[in-house]
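Novice: Questions regarding the structure given below will be posed in turn.
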Amino acid sequence: MFNLFLLQLLNGAQFGILLFLVAAGLTLVFGIMDFINLAHGVLYMVGAYLMATFAGMTGSYWFGLALALPATLVFGLVLEFLVFRRLYDRSHLDQVLATFGLILMLSEGVKILWGSAPLNVDMPALLSGSVPLAGPLQYPVYRIAVIAAGLASAVGLWALINHTRAGMLLRAGASNRPMVAALGVDISRLFMLVFAGGAMLAGFAGAIVAPILSVDPGMGESILILTFVVIVIGGVGSIRGAFLAAILVGVVDTVGRTFGPIWLRMVMDPAAASQTGRMVAPMLVYLLMAAVLFWSPTGLFGRKGAK
Amino acid sequence: MSTPATRTLAPRLSAALAIFVVMAAVPPLALALDDPFLMVIASRMLVFAIAALSLDLILGYGAMVSFGHAAYLGIGAYAVALGARWGVTDLLAQILLGMGMSAAFATVTGAISLRTRGVYFIMITLAFAQMAYFFFVAQSSLGGDDGVALQARSTLLGLPLEGDQTLYYTILGALVAIYAGLYRLTLSRFGRVLKGTRENALRMQAIGYRPFRYQLVAYVIAACLCSVAGVLLANLTEYVSPAYMSWHRSGELIVMLVFGGIGTLTGAVAGALVAVGLEELLAVFSEHWRLGFGLILVLVVLFSPDGLTGLMRRLGLRAPGLRNDGEGRGDD
């Protein structure tokens, strides 16, 4: 039982890391530009599809990853140039509509280009196999590598934001945009960089998850909504909040799905427990979100009075 | 005080009347053209007009951008499935059941969501709607993900809603009644407080109102009215599934509203007709109609915001004091 718990905990952490990679770019875009981008999940999906294509073309996971990352970055920049930069000054309603339209277009475009059937990406030989973990328990190396890559990105992001000039401007832009612009900083270029960085992180998450999950046209949307939950819990604009909330949501969701029915069986008969468990488990993260909001309407690390 | 408002609203009212009259003429036309599909499309248009109308109350008049409104469409639809299971086949009873369930869900989630503003509100309403979605996906007794087919349509006052015409005119009747009700409501004191809160919540507080209460009541009313559309939609398709409350549907409801113009009621009705019509039209050309629909949506938002009546109000919102239309003055 303990082994199963440990296993689910690790799976949850790995899922949380992925959520963080997608949420990091999105929370910065929300926080700094006050821009609601529903199409962020599409970048995660596009990253996975480009990975599948390039890995298939070159026959190598690593070449695929090396090509997919810049390609997602370019894709994000093109979207920013064509659509998003015209939306920064618009109302939230316009932003919701335009990015919703983009989701419809891009999801359908992916279906036309790659078909609706799920694609698979082969795991690199270096990272396949498992390592022993606490007694008889084995854990796949690839999932550990995903956790490590995500943690490295998180540390890199933290260093970038707290210890570089670009990060300083970014923090300044988040707290007072007009003032930073008045000091002579090219704020629209800063926005573009934030957006491109966020796009690449989301694409990275999609690319590294491709060998574990199947790559399908719905993957962007399912992660987008959980990403929203993460951002709401963590507080808009807070990278630290996004990290903690992402791990929390990942663990609660994964552990809840496995252990919900098991724990419920202790207090009710098995049939009712599995029915209730199946009903409650997918709702757990939303209940968590509601609880956090009830306690603090701007999330765990949200700015007081933030819009 | 209501005289200037009534005068400015009169053209809208007559436009809505014209739409209702044209829609009432559809069944004989479909019969004459021998085109039953026309009836199906027109029925869908009317059902979604009800849903869009209910969203207009909170989005247009209350400036609450809910991205989870389709949840109530789904709850209404499930009220029909549950009612049929429990032996309640009367349409009005099912509407009451749907309203009850919606009111309960909307009161709890609305009270939590309304603690927040801006992008938070959008994301939270979306998340709560997803929660409702997963709740119904997990109900294996109601078909889970696949949904459940209804044995028969509901009855209305003991008479079965058989025949597409009967159902069509029932839907049209519901639409007209809800339009009239919302029209009265938005002109009432309640509606004026709601509009005042939209313009400036702080000032409303300063003159002694609690915006939260009014917003929550509006949120619950909108949810209840949307569930009526859900009950009718389930009767129309004779099928209920969680897909009715998918977040795509919530997005489409907002699209309808913005196509027609927010905060006018008539715009919601017109927008629903245009959006459903556009979907059906594009679907004729290609199974990949979403590509075209999305493109049109992006282009409309980017390049033709002036065509949307909503933009004027939002500009007014951004610079209060610079622009003060007659209606706004009437409220002060």
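Cβ coordinates are placed from backbone N, Cα and C, and glycine is handled just like the others.
Note that TrEMBL annotation is computational and uncurated.
So TrEMBL says this about it:
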TRANSMEM  A:12-31  transmembrane segment
TRANSMEM  A:38-55  transmembrane segment
TRANSMEM  A:61-84  transmembrane segment
TRANSMEM  A:96-114  transmembrane segment
TRANSMEM  A:141-161  transmembrane segment
TRANSMEM  A:190-213  transmembrane segment
TRANSMEM  A:219-236  transmembrane segment
TRANSMEM  A:243-264  transmembrane segment
TRANSMEM  A:284-302  transmembrane segment
Novice: For the transmembrane segment (A:141-161), give me same-chain residues lying six or more residues beyond its boundaries with a C-beta closer than 8 angstroms to one of its C-beta atoms, as numbers and ranges.
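Specialist: Sequence-distant neighbours of the transmembrane segment (A:141-161): 10-11, 13-14, 17-18, 20-21, 24, 123, 127-131, 167, 170-171, 201, 204-205, 208-209, 211-212, 239-240, 243.
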Novice: Counting only residues 6 or more past its boundaries, what in the same chain has a CB within less than 8 Å of a CB in the transmembrane segment (A:61-84)?
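Specialist: The answer is 35, 37, 39, 43, 46-47, 50-55, 98, 102, 121-124, 191-192, 195-196, 198-200, 202-204, 206-208, 211.
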Novice: What stretch, picked from A:12-31, A:38-55, A:96-114, A:219-236, A:243-264, has the most CB pairs under 8 A with the transmembrane segment (A:190-213)?
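Specialist: By the under-8 Å Cβ criterion, the transmembrane segment (A:190-213) pairs most with A:38-55.
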Novice: Take the transmembrane segment (A:38-55) and find every residue of the same chain, 6 or more past its ends, with a Cβ under 8 Å from one of its Cβ atoms.
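Specialist: For the transmembrane segment (A:38-55), the list is 22, 25-26, 29, 61, 63-65, 67-69, 71-72, 75-76, 79, 96, 99-100, 102-103, 106-107, 110, 113-114, 119-122, 198-199, 202-207, 209-210, 215, 217, 219-224, 227.
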Novice: As a test: from A:12-31, A:96-114, A:219-236, pick the stretch that has the greatest number of Cβ pairs under 8 Å with the transmembrane segment (A:243-264).
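Specialist: That would be A:12-31.
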Novice: Should anything in the same chain at least six residues away from the transmembrane segment (A:219-236) have a Cβ under 8 Å from its Cβ atoms, list it; otherwise answer none.
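Specialist: Contacts with the transmembrane segment (A:219-236): 18-20, 22-23, 26-27, 30-31, 38, 40-46, 48, 103, 107, 206, 213, 242-246, 248-249, 253, 285-286, 288-289, 292-293, 298-303, 306.
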